[in-house]
Amino acid sequence: ESTPDRLLVLKVLWNDFLVCYSSRPLLCWSVWWALSTCGYFQVVNYAQGLWEQVMPSRHAAIYNGGVEAVSTLLGAVAVFAVGYIKISWSTWGELALSLFSLLIAAAVYIMDTVGNIWVCYASYVVFRIIYMLLITIATFQIAANLSMERYALVFGVNTFIALALQTLLTLIVVDASGLGLEITTQVRSVSILKMLWVDQGAVAVFAVGYIKISWSTWGELALSLFSLLIAAAVYIMDTVGNIWVCYASYVVFRIIYMLLITIATFQIAANLSMERYALVFGVNTFIALALQTLLTLIVVDASGLGLEITTQFFIYAGYFALIALVFLANGTISIVKKYRKQEDPESSSQVTPS
């Protein structure tokens, strides 16, 4: 009996896939999402190596962390701004993607060819600003026109294609068995591990779109439960001295994050205009950056606690456990209030008017 059910699910997935990608605007945004995310991860992963080659850290003070922070902050500001630009993305979207992709290419080319660390930093900031700008628009354009099920499907497919392309690019360009070009070499197992967590994460994202649940009612409790699982995965990764257990815990960590960020993105985008979605995206990104900077200064930096890496991960596990407790308390209160409101009309209807 289970075989026909599985075939039915696969048939529904395939039909949804055809419906989603038969839309030309959605297809364009999805193709850009997959291709650009692949390139984005490659540049971000190897930017530090390029900077080290341009300006070795042993010879001069470096500001890599500050550049990452500034690029994220300015990206958030750009996201604020784009929400208030009146433009028909359905008409001009493809030309905008073309123009901004050309600017990204120019920024990466300049970062690679000009042997000045400050030019590299500036080009990297421009690169990240444009990517954050476009990925926000792409996410909204896709989410605003799809159901939760189909958005989850598109998110999973786009992410899977992006990582498949990134893995292929790494094997050809970076890995010693391919061209083995300069900057750094990447061990094949790292690429396989990345492919593994994206495969599983994409499957999880597919699945969650077809789970019938009222996220408005149970969303906070779900966030609490999954945050607790993330905390457990980070704690196990930190305390169990086995590399395969670390790998497995990391895969679980990434799967859950991909799952929740998909749900969160859709729940926000589905209920807001483009302007307000851009505002929320920018504010959330800014708060995340502020918290990350604060956490880094306290836990990692030598001027703060300067803790060892294992102690740092123990604190990160506690951080997610705290998130779980906050959402558990708030979710429980929300559900209790909701059920009390449902009971109030019944009690009030029993009161006879004077």
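Cβ coordinates come from backbone N, Cα and C, glycine included.
The annotation transmembrane segment is assigned in TrEMBL to 61-85 (among others).
Residues or ranges marked as transmembrane segment by TrEMBL: 97-119 (among others).
According to TrEMBL, the feature transmembrane segment maps to 125-144 (among others).
Positions annotated as transmembrane segment by TrEMBL: 151-172 (among others).
Residues or ranges marked as transmembrane segment in TrEMBL: 192-211 (among others).
The transmembrane segment annotation in TrEMBL covers 218-236 (among others).
Annotated transmembrane segment per TrEMBL: 242-266 (among others), in sequence order.
Residues annotated as transmembrane segment in TrEMBL: 278-300 (among others).
Taken from TrEMBL, the feature transmembrane segment applies to 312-333 (among others). Within its own chain, the transmembrane segment (312-333) has Cβ neighbours under 8 Å at 218-221, 223-225, 227-228, 230-232, 234-235, 237-239, 295, 299-300, counting only residues six or more beyond its boundaries.
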> Where, among 125-144, 151-172, 242-266, 278-300, do we find the most CB pairs under 8 A to the transmembrane segment (218-236)?
Replying inline: 242-266
> Relative to the transmembrane segment (242-266), which of 61-85, 125-144, 278-300 accounts for the most Cβ pairs at distances under 8 Å?
Replying inline: 125-144
